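Trainee: Structure in structure tokens, see below.
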Amino acid sequence: MKENFWSTLPRPFFILAPMEDVTNIVFRHVVSEAARPDVFFTEFTNTESYCHPEGIHSVRGRLTFSDDEQPMVAHIWGDKPEQFREMSIGLADMGFKGIDLNMGCPVANVAKKGKGSGLILRPETAAEIIQASKAGGLPVSVKTRLGYYDIDEWRDWLKHVFEQDIANLSIHLRTRKEMSKVDAHWELIEAIKTLRDEIAPNTLLTINGDIPDRQTGLELANKYGIDGIMIGRGIFHNPFAFEKEPREHSSKELLGLLRLHLSLFEKYDKDEARHFKSLRRFFKIYVRGIRGASELRHQLMNTQSIAEARELLDTFEARMDARSEV
């Protein structure tokens, strides 16, 4: 195995969860500017597309990263071990420091095809995929859920994954059936930690689900002795979720992050064409808690270009400044 970066991380370490159409190079750099986590994962990249002669072009943007983001982990999904083997070798050549295997995606057209969380129902295939992914020499980690249908599945499933000799296991504390409709099952953390200690004490344990910020993560780590904390949806409510010394942030700071997001989108669009509409999901992160926020979000959602969005921000901030001077 190449250098196992996981062993060099602080305890507890913090990870920005991989999220489809979210954790691309643009948003990762915005989060870095606000408050950087210890580890970044890419958005989801499909092994079949990567291994297809034509498909590689469709996933190229998903695997784009810069040196200042290291350690960078490629988050990949599929169900054919030979494709994971091929991709693991390619990812090592690209400079990634690790590979994370998606065994938790609950989306129907993924799970019902035996991929993502569907692999919970295919434990032998999951094991083959994990072993095949070690071919490139990078440390292999897994992100999964407690089970597919029922919480009671967690012990047999997680025991099986722990037995595969992986670097890190990130557990979203819900089942596939639960999606994100119920509270994460924090009450199981202690038992999961005990199982890890018995089966695979050298595998790091990362917890995910309903963790809004670094402070909450530290409390969980101190209480249960887990190694890592993964924050996902919490970043939508607070882009400063990873900051070590939390403080109040002004609307100017939030709008400044939006301007940075626009600039980075423009910068990386030159390397890999990106649809402007993909920006719209991010506006609510930055435009909040200020007079006129709802109207500004509505206007931004109707923009068609970076220039239009910037013009709206210029006008809005000019009005803000004028009101503050009165």
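Just so it is clear, glycine is given a Cβ too, placed from its N, Cα and C backbone atoms.
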Trainee: Let me know which member of Lys80, Lys143, Lys284 Swiss-Prot also records as binding FMN at the site of Pro18, Met19, Glu20, Asn208, Gly209, Asp210, Gly232, Arg233.
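Mentor: The record-listed residue among the candidates is Lys143.
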Trainee: If you measure Pro18 (FMN binding site) to Cys105 (active site, proton donor) at Cα, how many Å is it?
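Mentor: Between the Cα atoms of Pro18 (FMN binding site) and Cys105 (active site, proton donor), the distance comes to 10 Å.
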Trainee: Expressed to the nearest Å, what is the distance separating Asn208 (FMN binding site) and Cys105 (active site, proton donor) at their Cα atoms?
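Mentor: Cα-Cα, rounded: 13 Å.
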Trainee: Please report how many Å separate the Cα atom of Cys105 (active site, proton donor) from that of Glu20 (FMN binding site), as a whole number.
Mentor: 10
Trainee: Hey, which of the binding-site residues Glu20, Asp210 is the loneliest by Cβ count within 10 Å?
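Mentor: It is Glu20 that, of the binding-site residues Glu20, Asp210, has the fewest other Cβ atoms within 10 Å.
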